[in-house]
Amino acid sequence: MYGMNLVLFGFVFGLVVIPEVLMGLPYGSIPRKTVPRDEQAKAMDFSVLFEFGGYCKYSFLFYGYYNNQRTIGLLQFRLPLSYLLVGVGSFGYSLMVVIRTMAKNSNEGGDGAEEGDFTFAWKMFTSWDYLIGNSETADNKFASITTSFKESIVDEQENQKDENIHLRRFLRVLANLLILCSLGGSGYLIYYVVKRSQTYANMDEDELSWFEKNEVEFVMSLLGLVCPPLFETIAELEEYHPRIALKWQLGRIFALFLGNLYTFLFALFDEVNAKLEREETIKNATIWAMKEHYSNFSELNNSTAITPLSINPADVMRGPCWETAVGIEFMKLTVSDIQVTYLTILFGDFLRALAVRFLNYCWCWDLEAGFPSYAEFDISGNVLGLIFNQGMIWMGAFYAPGLVGLNVLRLLTSMYFQCWAVMTCNVPHERVFKASKSNNFYMGLLLLILFLSMLPVVYTIMTLPPSFDCGPFSGKQKMYDVIIETIDKDLPAFLGTLFTYAANPGLIIPAVLLMVLAIYYLNSVSKAYKHANNELRKKMQMQRDEEKNRRNNKDSTNQVMKDLEDLLPKKSPISASAKENAEVRSELGDKPSKVSQKPGAVATGRGVNLQRDVSLAMANPRMAVTRPPGPRGPSALPGNTLQVPGGRGRGRGQNPRR
């Protein structure tokens, strides 16, 4: 995020601020670059400058400072066109960075395989990266593995919980009702405060107190401090899984910040509409005064050559310049957020840590283990705060180009300040849990707030008329008229015709429909690939289980065979019987049948030597018949039994005589 803001800072200051400062008209030469006469007495007061009034209001920090000359300087630099393209291009560049980061996180997120089998074994033996050669990187990797183990342990504990489903549903409904009431109340409070600030704006500043001047910023900062802990307390009623609870918490805080910001914008645009009406009145009065001067000059001097009015720029009647007013409000919100963040760290973390550290020896209970203990560092809350602040920068940079530079300084200083607080005052969170297995959860929130921050700026460019006496678009009906003017005057005629046809709604609507169909098609293809990937994963899992079962059965069979070998005697009579039968067949003139046997399956002196891959229920082999049957032997008469001479049988007799 810091690198992206550096690039935006380079765009704004390199293409807008520096060209106007170096090549534009100097300060004090025209009314928009001059402090009015009635404001010069207090223009350098700290209280005025701290609220971005006086000289700050008429400086390059805000929209109203920039001139509407079509080209400036020897380079004929087109400042109005550059201002508009940089304002729109900042959103395009930010969108590209966020999308590329999300794609990179998706590619590095792994294959998405199931991790239900042997979770702790996989984490233990496959988590370490043996290519690490830096001690600091090794410490970070060790901390990441530790966090992963803690998450897995909490997963197992949560899966073994028993709950009353009816009571749980009632408590969750109650918690959501309380949070909705809190969100609605905060939105109404901000709208009421902004409306009251418009009443204060019409009053004399000397009659207002410091709180009344900064009431809007104070209320928004206070809501940002009070509501997140309140949401966390209410969320204890729900008893969600820690990862699900964290997502709900972040979603509610995000809804709070976004609702407060949009409520502030709606109330602010009501003030903008009132300023536009007032500006129209001032514009008409100015035109009437100019016409009256010209007519009186011609009548008194009896000449058509009219000398321009010689009025000091500080005395010229001017409008309220609503763009600068909006930019000032965003500046004050950013500064207020910086102050609240630093004061919270200083008083809420540092002084608390000092009290716990040095008063623990003389207190009634253990301050470190009990109340108040050391402050925990809320990683998810700080990341969400950065996302919300980035949304304010995107939204306010169009009205205050200096806001981007202020944001870079804020990021740089807050990084070191918060690192100091983490190292000296904070302890790790008791139940560390990531919002998701990848970083795309926070990037998705950033993408959403980028889109929502772009809407007011686009509405301003396409709908609201610019101020008539300040800013680079003064004198135009709409801000985007700068592009039309550039196309008409700087580009060939056929390109102007081409852009006119391209801007026709008859072509834009089919193009949008085509893009929607393309998105639907790509989404369908992605779902099909995902389904095929899941099916392939299931097949691979089944094949792995089958191979595992076959290997287990084979090992058990081999063990049974080995036990049988141990139980059988070393010299089995089977071998002797087989030898005697072979001798009988040779004496009778029968040829021994040739039966193919597996190597190692023949009898040895130790007994039966079985193959490892022979099963206990092997089928008898079939032998081929190689000669015709011989004559049958004599059969026994009725009542008499056939006397068969005794043979060796099982090795107990002698060979019969012939």
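From the backbone N, Cα and C atoms, a Cβ is placed for every residue, glycine too.
Automatic prediction, not curation, is the source of TrEMBL annotations.
For 540-554 (among others), the entry in TrEMBL reads compositional bias 'Basic and acidic residues'.
What TrEMBL records for 580-593 (among others) is compositional bias 'Basic and acidic residues'.
Positions annotated as compositional bias 'Basic residues' by TrEMBL: 649-658.
If you look up TrEMBL, you'll see 540-658 marked as region 'Disordered'.
The transmembrane segment annotation in TrEMBL covers 6-25 (among others).
Here TrEMBL flags 46-66 (among others) as transmembrane segment.
Residues 4, 7-8, 11-12, 15-16, 19, 66, 394, 397-398, 443, 446-447, 450, 453-454, 457, 461, 472-473, 479-480, 482-483, 486 of the same chain sit 6 or more residues outside the transmembrane segment (81-99) yet have a Cβ under 8 Å from a Cβ within it. Under the heading transmembrane segment, TrEMBL lists 81-99 (among others).
Among the features that TrEMBL reports, transmembrane segment is placed at 173-194 (among others).
The transmembrane segment annotation in TrEMBL covers 249-269 (among others).
The annotation transmembrane segment is assigned in TrEMBL to 392-413 (among others).
Residues annotated as transmembrane segment in TrEMBL: 441-462 (among others).
The annotation transmembrane segment is assigned in TrEMBL to 498-522 (among others).
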- Task: Quickly jot the same-chain residues contacting the transmembrane segment (392-413) by Cβ under 8 Å, restricted to those at least six beyond its ends, or write none.
- Result: 1-2, 5-6, 8-9, 12-13, 16-17, 59-63, 87, 90-91, 94, 261, 265, 323-324, 326-331, 333-335, 337-338, 449-450, 453-454, 456-457, 460
- Secondary structure content of the compositional bias 'Basic and acidic residues' (540-554), with strand meaning DSSP E or B: 15 helix, 0 strand, 0 coil
